[in-house]
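Quick look at what TrEMBL annotates:
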| type | residues | note |
| --- | --- | --- |
| DOMAIN | 191-361 | domain 'Calcineurin-like phosphoesterase' |
| DOMAIN | 614-785 | domain 'Calcineurin-like phosphoesterase' |
| TRANSMEM | 35-54 | transmembrane segment |
| TRANSMEM | 75-94 | transmembrane segment |
| TRANSMEM | 100-125 | transmembrane segment |
| TRANSMEM | 146-165 | transmembrane segment |
| TRANSMEM | 402-424 | transmembrane segment |
| TRANSMEM | 444-467 | transmembrane segment |
| TRANSMEM | 488-506 | transmembrane segment |
| TRANSMEM | 518-538 | transmembrane segment |
| TRANSMEM | 574-593 | transmembrane segment |
Amino acid sequence: MGFLGRWFIFFLLFQALFLVLRCIATGSKHAQVFRIYELLNIQFFMALASYLFFHYRYKLFLQKFCQTNDTILKFIYFFIIGCAHLAYIGHYVRTEEIPGIALLCFLSVAFFIHLMIFSIGFTLGEHIVYWILPHRLQHPILTSKSLHTGIAVCLSVLLTFYGVLSTRSDINVYEVEVQLKTLPKSADGFTIALITDVHIGPTVHKHRVKQIVDIVNSLAVDAVAISGDLVDGFVYNLDDVAVELANLKTKYGVYYATGNHEYYHDDVDNWLNFFRKNLSFNVLHNENRVVKEGLCIAGVDDYHTRKLFIEGHSMDPGKAFKECPDNHTLVVLAHQPNAAIQIMKLLPNKADLILSGHTHAGQLYVLWPVAYLGNSFLHGLYQDVLTKTQGMSTGVEICKTIKFTLIIVALIFTFRFILNRISFYYLSGITGYEYGNAKRMFSIFQLVSLMANLSWVIYLHMFSFFNPPFTLVSFKSRTELKRAKRKCLYLFLFVMTGSHMAYVFYLFPYIPWPLFELFNIFCGLWMHLFFCSVMFYYSNYVFNILKLFNWGKVYSGRLWRCDLLHLFINDHQFQVVVTITFTVVLCFVQWVSSDKLTVHKTSFQLNHPLNDSIRVLVLSDLHSGASVYTDQIASVVDRVNELDPDLIFLVGDTVDAPVEQIKDRVEPLRHLRSRLGTFLVTGNHEYYYGNWGDWVVHFGEMGINVLQNGIVVVGSTCFVGLNDISSNKSGISNHFMDLKAISECKSDHNIVVLEHNPAAAPKIVNASREYNRTVDLIVSGHTHAGQFYVLVPYVYWALPFWYGVYDVGPSKLLVSAGTLYQTAPMKMLGMSQIWVLTLK
């Protein structure tokens with residue numbers, strides 16, 4: 001049995017053992033067992049992560065950069081991992097006498113955390129590059145595991161030492177003026193020094209505590225508030241350090257409430273008695289004190305006590321606020337910001353100011369997202385606009401965007417993995433055209449899951465309209481806000497659900513057309529809402545980052561001199577209004593222009609000049625079915641017949657449904673008129689719904705010649721019709737893009753190739769060289785030129801050819817934007833195209 005098997009067995013046994021111990025233990029013993037359980041869980045996962053990192057990344061790094069002797073680097077790695085595993089023992093012994101060893105062990109923990117998170121980030125990035133980026137953009141710098149591991153190691157070392165230097169620097173004092181309307185004049189100007197998360201223990205010793213005391217005393221504040229996590233160990237180990245806090249000097253005393261770490265090691269009552277007797281603290285154990293006339297300070301037990309079974313210890317704000325006069329301003333000490341949320345829910349309009357800590361702002365840069373995931377607030381002064389409750393927490397709030405981005409990416413990959421596994425087993429027993437249909441079905445499920453996950457970005461952006469400050473629309477009460485938000489949520493869910501169902505409806509034989517049309521429009525709305533939401537959501541994040549730096553504040557200040565830019569950057573309600581306006585206007589313009597056909601004419605000089613030029617008319621991407629009905633197809637036919645071409649070519653994606661469902665919609669194609677006939681090649685969509693063989697027969701009956709890797713010769717010009725480049729995935733036996741068809745043309749003939757997907761152009765040119773032929777022109781469609789304005793940047797970046805005429809070696813490539821549209825009945829102005837090519 002390998003390491004992973006043994007690890008899993010021991011992990012299960014450990015969970016079972018501690019489940020029993022947690023059921024048996026009570027009081028402070030239960031809290032101590034719970035803490036040991038948490039620490040051992042950390043050890044288990046550290047062991048697993050260090051093993052996986054070493055075998056799947058560090059070894060590659062050593063092979064790449066240390067090919068001769070890697071013994072020293074291996075020793076350093078295992079030494080650091082060993083120190084990291086030993087670090088938490090420091091909570092159970094006196095470390096005052098061995099500060100260097102304690103510091104080394106906890107630095108190893110910091111290095112380990114940085115290394116693992118950077119490695120996870122690089123691993124995710126490598127997978128994203130592999131699955132999303134086009135192959136031509138997958139540069140080795142983006143995919144090299146060994147290089148990324150080296151970068152992760154270097155960044156981890158740098159950030160760890162930077163963190164050490166930060167903790168050795170002077171303690172920063174932040175002064176915040178809090179406006180409390182209920183504060184009586186007699187308490188105006190009252191000053192409180194907030195101290196949280198000192199964590200006297202393995203790495204915080206006497207000299208650091210003295211430094212804190214000296215700074216607080218120099219401030220000459222009226223009162224000191226200690227909001228939990230003051231100590232991190234046992235009284236008998238830390239009493240001589242903690243006693244330094246007895247030197248705190250204030251006018252109205254020191255007020256203390258517990259944090260989660262007070263419960264982890266010693267009996268919490270031992271610490272509370274120590275604080276009362278030895279330090280003269282006002283211990284607020286779900287209690288309050290009237291500090292002076294008009295001002296009351298209350299403290300609640302830590303929020304973590306809900307997981308512990310310690311008699312007399314649980315967060316009870318009702319008890320804590322009891323007997324505090326109603327006409328007094330109430331300041332509450334609650335260690336965790338999550339407790340602040342509960343207090344505001346349980347007793348709204350009761351607390352005026354809540355002082356918290358706990359978050360450490362993540363403490364390490366790489367842990368900012370984790371800190372935000374687990375906490376309602378991270379740093380600074382917050383205000384609930386409707387309850388007027390204010391709260392202060394230590395940390396830095398810039399992680400909201402990272403948090404949701406990580407969640408969305410994780411969900412996308414999870415759903416992708418699950419659907420890939422299901423599709424693998426489902427498709428293994430299917431053959432023929434049904435394989436291509438089933439593959440398309442799972443592609444739709446993948447797309448719907450992707451849209452559903454990305455819709456969170458739209459939700460976060462759109463519903464920021466209901467977050468303060470309310471600059472455009474205000475709400476008189478929380479009830480009014482909730483009612484408006486609920487109505488908007490219903491509308492949002494209806495639009496989002498409809499947009500996701502648009503592609504799913506393709507799989508059903510019959511859907512009432514008004515519903516199908518409406519949901520297809522919703523799909524177009526979704527595209528534009530997503531674009532705007534991403535733009536605003538992440539630009540807000542960038543500007544929040546800039547605000548952390550002085551140069552960023554200067555740069556932002558220059559931008560904000562323009563009132564319009566100030567609104568775009570800072571005003572969430574304005575951003576949402578712009579998003580809705582932009583989406584509605586642009587979608588309306590594209591809806592109007594979707595079937596407004598435009599004729600584009602161009603000419604090509606062939607290698608062997610023709611005595612009489614040939615006028616070729618090109619249609620592509622009609623997508624008959626879904627939102628393309630008989631009237632649109634008939635309009636195309638009428639316009640084509642007016643142009644009186646010599647040849648007509650339908651270059652793929654002509655249909656988007658089985659024959660039996662839409663044969664009436666394509667009936668107008670029977671009336672296409674040309675001197676030399678109408679010819680059709682497949683696109684990818686011909687294989688998605690129903691049997692392509694049925695369409696071959698039906699098109700034949702309509703007088704349309706289907707070229708399946710075949711040729712048609714007109715004078716000295718050979719037209720080659722190839723199956724779509726994806727046809728080999730259709731499940732149809734011996735069905736693929738066969739480039740040998742090019743060799744059937746005579747070497748002294750001009751060659752024009754019809755291939756739906758322009759991505760096949762390089763293969764076509766290479767094959768022509770192999771067969772000693774020269775392809776004059778390749779005609780394609782497929783891209784729709786993005787179809788929507790908001791998709792143009794992505795399509796232009798992601799696809800090798802976007803729209804227009806390109807040079808591919810000695811050949812010309814024409815990429816049509818398509819004649820009609822897919823799904824949403826929307827298209828950019830002038831992009832519903834009929835091409836007339838004059839071949840000379």
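Residue 1 is the first one shown; counting continues down the chain.
Just so it is clear, glycine is given a Cβ too, placed from its N, Cα and C backbone atoms.
No curator has checked TrEMBL annotations; they are predicted automatically.
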Paired segments the transmembrane segment (35-54) and the transmembrane segment (100-125) in contact, 3+ CB pairs under 8 A: yes
Interface present between the transmembrane segment (402-424) and the transmembrane segment (518-538) (three or more C-beta pairs under 8 A): no
Positions whose Cβ lies under 8 angstroms from the transmembrane segment (100-125), at least six residues beyond its ends: 46, 49-50, 53, 57, 80-84, 86-87, 90, 142, 145, 148-149, 151-153, 155-157, 159-160, 163-164, 202-203, 364, 366-367, 409, 413
Intrachain neighbours beyond the transmembrane segment (402-424), with Cβ under 8 angstroms and 6 or more residues off its ends: 124, 127-128, 131, 368-369, 372-373, 438-439, 442, 445-446, 449-450, 453-454, 456-457, 460, 541
Chain residues outside the transmembrane segment (444-467) and at least six past its termini with a C-beta under 8 angstroms from it: 404, 407-408, 411-412, 415-416, 419, 473, 475, 481, 484-485, 488-489, 492, 496, 499-500, 503-504, 506-507, 526, 529-530, 532-534, 536-537, 572-573, 575-576, 579
Intrachain residues whose Cβ lies under 8 Å of the transmembrane segment (146-165), provided they are six or more past its termini: 57-58, 60-61, 63-65, 107, 110-111, 114-115, 118-119, 122, 125-126, 140, 364-366
